[in-house]
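Colleague: So that we are looking at the same thing, I have put the structure below in structure tokens.
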Amino acid sequence: LVLELNQVIIPTYGTVPDQQNLHTPEWADFDDKPDSLFFNDGQRRIDFVLVYEDESKKTTHKRSDRKKQKRKRQVYESNLINNGLQLEATRSVLDEKLIFVKVHAPWEVLCMYAEVMHIKLPLQPNDLKTRDSAFNWFSRLFRVDENIIKPEQEFFTAPFQKEHLSNFYIQDKDTFFNPATRSRIVHFILSRVEYATKNNVKKFGINKLLDTGIYKAAFPLHDSSFRHLSTDPDCPSERYLLYREWAHPKNIFKLQPLDFIRKYYGEKIGIYFAWLGFYTNMLIVAAVVGVGCFLYGCLTKDNCTWSQEVCDPNIGGNIIMCPQCDKACTYWNLTITCESSKKLCIFDSFGTLVFAVFMGIWVTLFLEFWKRRQAELEYEWDTVEYLEQEEQVRPEYEARCTHVVMNEITQQEEHVPYTACGKCIRMTFCTSAVFFWILLIIASVIGIIVYRLSVFLVFSAMLSQHISGTETILKYLTPQTATSVTASLISFIVIMVLNVVYEKMAILITDFELPRTQTDYENSLTTKMFLFQFVNYYSSCFYIAFFKGRFVGHPGNPVYWLGKYRNEECDPGGCLLELTTQLAIIVGGKAIWNNIQEVLLPWVKNLIGRYCAATRSEKVVPRWEQDYHLQPIGKLGLFYEYLEMVIQFGFVTLFVASFPLAPLLALINNMLEIRLDAWKLTTQFRRMVTQKAQDIGAWQPIMQGIAILAVVTNAMIIAFTSDMIPRLVYYWSFSVPPYGSHSSHTMKGYINSTLSVFNISDFKNASKPFSPSWFGNQTTCRQVYRDFRYPPGHQHQYEHNIYYWHVIAAKLAFIIVMEHVIYFVKFIISYVIPDVSEKTKSKVKREKYVTQKLLHENDLKVVKKTMGKIADKIFKGVDSTFRPKAE
């Protein structure tokens, strides 16, 4: 491939031609055909558009700078023409400063570069019969009407070779290379053509010219308006069909026309929407089971014995709880938590355990079936043996190539931006910077924790809690609830703000790291951004789930943060409800924020642009100028869409045991996300250059890592965050003799048995509360959380009792059993479900056979035929030499 590139490209890298030898584009006026996709002659198709501002009309740069920019542009355009491309320039209709350079690639250029890029093209129609699945009749109800978007004909394909041109399925040279392939080939050329030489280092590529402002934009054209069909009867109006049958909100329940999306936008866009659609479909099953578990909790909450005891005035009403902060907080009645205990019964039920186990299996099924689906798409979209073309060196990398080293492979000198020592220093600095910012995120989480600890005192003073209090608000707004909700909202705002900061920092760190190619750049940025986002989004959830209320001591000996703030305590029912609140706010808020950021902002920008254009002129505007006023897609393309969905995938899997409605919220969000992303691509953004992609890249192993971690987190949430294990231990062991007094297994007496007793005379002066007048003769209070300690007066008072050690043993045993069972099932599923189906394997083998037969056996026949003639001549010559002479 390198040799082929050298043969094609390197000859154009000679000395920059003199001014009089420069080739210039043809000039043409706009022909008043707004939907035209051709040069003014109506024959040559526009494959790409370059936009620049006329240097003679610029006022923002020095004259010398304008001359240099003009010179580079002229050299670049001349070299494009030398490479065989044809250019036509037209001045803007709305802004006379702008000039649009239309680029056309002739047949010969397309053939030459298609061979260099190993583009697969049709050999013959696919003759394998496809068997309809048993559910085909059902899926047909949700498919796009085949009379509107006709199914793409399937072909056997092979890498294009010009010498085998006759073997390829060419019915019309104008349509053999579709518009997406044509623009991809032209972009390949644009990215490799030289425009200057400095210090024996060649400067080349459209990306660098865009970065320096020599060109304002470079993009392929949409084929029509999304609002109506093209006025050109020969135009298929694929953009209009995509908007009508895919991006429009009315299609929210329809399946996506993936082959049509791939045809118009390329494999990289197609594989994203295929993955997002597959993920959304799999969420349907998870959402149904999650809603079922939620309804089960709603139906059984009235039978929740421990909640009934909390709300019972004869049981919970007689239990006095110890203050939750020093001095300012007072004693309070357990019945205040009645409403929160009822809500907790919905989420902390047996259905939660079933759903957690189910989700551990579901995520494995999702990943394994996606591999199969991905293998099918690899075959159908000709990426099974995809060979990535030689990637262009990033302009930022190439600009810093000042050191000379010896290439071990080619044994030739090449320029690099840093020595081995310099690279080591850069990597050390970048790694240190990444860890520094991660620690900064953790510091922000600690700040939220300090807020929780300090503001709880304020809410405790504002929301006066009395045993005789009967105000309705106290049933719902307790100091714990107020602190939890406000902290969750602040945490969400901090997360959203930090996202913007960390995104810029991750880009700065990656820029300083100076990766060589765009793929290396994206992989490096993906790793950093996911680490940032993982810590940023999940750290508060991990704190609530696994740290809050774990290290608090007991009322007579509390644990303090920073020697000042008393550590947080959980609600008497545990921190599960607070974790559920945190997840609901972050997941819901994140979805709303992202949709505003991704959809509303581009729409407002385009609306302002159209308004300004309309006020300037009512003239007919050509297609290339309409597309220019759309938003650019950005260098990172779909990176942020993948990141958003993978973060959501983490919320759906990592903490689903505390929030069974998470899959339902994700399902609703994704159904909207598919259509909003489609609407955004078809209406608000310029058409992207098509790119090949074999799979979803680095996101696949990231999701596999999340799936493995999810089993551990959900097992620990059930064991340590929920109250399920202590209740089961009480039911089976401590409700009956020898530890209990009931004759049969029951949950009665659970609350009274698990809330440890504390003697108020043992309070230290620093934390002793002010005694209210209503306290009377009470001498003890109960600990807020389940801590299972011996009562005052016992020889081991305030030490952990036997119940505590039974619960700890049960929790550890549960985690080990649950993890091993789910991991074993995951292993079995991964082993049983092959990554590639037998049907796909047969198709791949058939295509290889047909390719070999058409391309290689025909050559062998020609060789045999030629060699046979030569052999006949040789044998005739030998025969005449040894034949006896006639006498």
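Keep in mind that glycine also has a Cβ here, set from the backbone N, Cα and C atoms.
Pulled the feature table from TrEMBL, pasting it below:
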DOMAIN    38-258  domain 'Anoctamin dimerisation'
DOMAIN    261-847  domain 'Anoctamin transmembrane'
TRANSMEM  272-297  transmembrane segment
TRANSMEM  350-370  transmembrane segment
TRANSMEM  434-462  transmembrane segment
TRANSMEM  482-502  transmembrane segment
TRANSMEM  645-668  transmembrane segment
TRANSMEM  702-721  transmembrane segment
TRANSMEM  812-833  transmembrane segment
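For the listed features, I'd like the structural context: burial, neighbours, distances.
Modeller: In this model, the domain 'Anoctamin dimerisation' (38-258) carries an average pLDDT of 86.
Within the chain, the transmembrane segment (350-370) has long-range Cβ neighbours (under 8 A, six or more residues past its boundaries) at 275, 278-279, 282, 285-286, 289-290, 292-294, 296-297, 652-653, 656-658, 660, 663, 700, 703-704, 707, 710-711, 714-715, 717-718, 722, 724, 818, 821-822, 825-826, 829-830, 833, 835.
Distant neighbours of the transmembrane segment (645-668): 276, 279-280, 283-284, 286-287, 289-291, 293-294, 297, 347, 351-353, 355-356, 359, 363, 530, 533-534, 537-538, 541, 545, 576, 579-580, 583-584, 586-588, 590-591, 699, 702-703, 706-707, 709-710, 713-714, 717-718, 721-722; these residues of the same chain sit at least 6 beyond its ends, with a Cβ under 8 Å from one of its Cβ atoms.
Counting residues 6+ beyond its ends, the transmembrane segment (702-721) has Cβ neighbours under 8 Å at 352-353, 356, 359-360, 363-364, 367, 530, 544-546, 550, 574-576, 579, 646, 649-650, 653-658, 811-812, 814-815, 818-819, 822-823, 826 in the same chain.
A Cβ distance under 8 Å defines the sequence-distant neighbours of the transmembrane segment (812-833), meaning residues of its chain 6+ beyond its ends; these are 356-357, 360-361, 364-365, 368-369, 372, 707, 711-712, 715-716, 718-719, 725.
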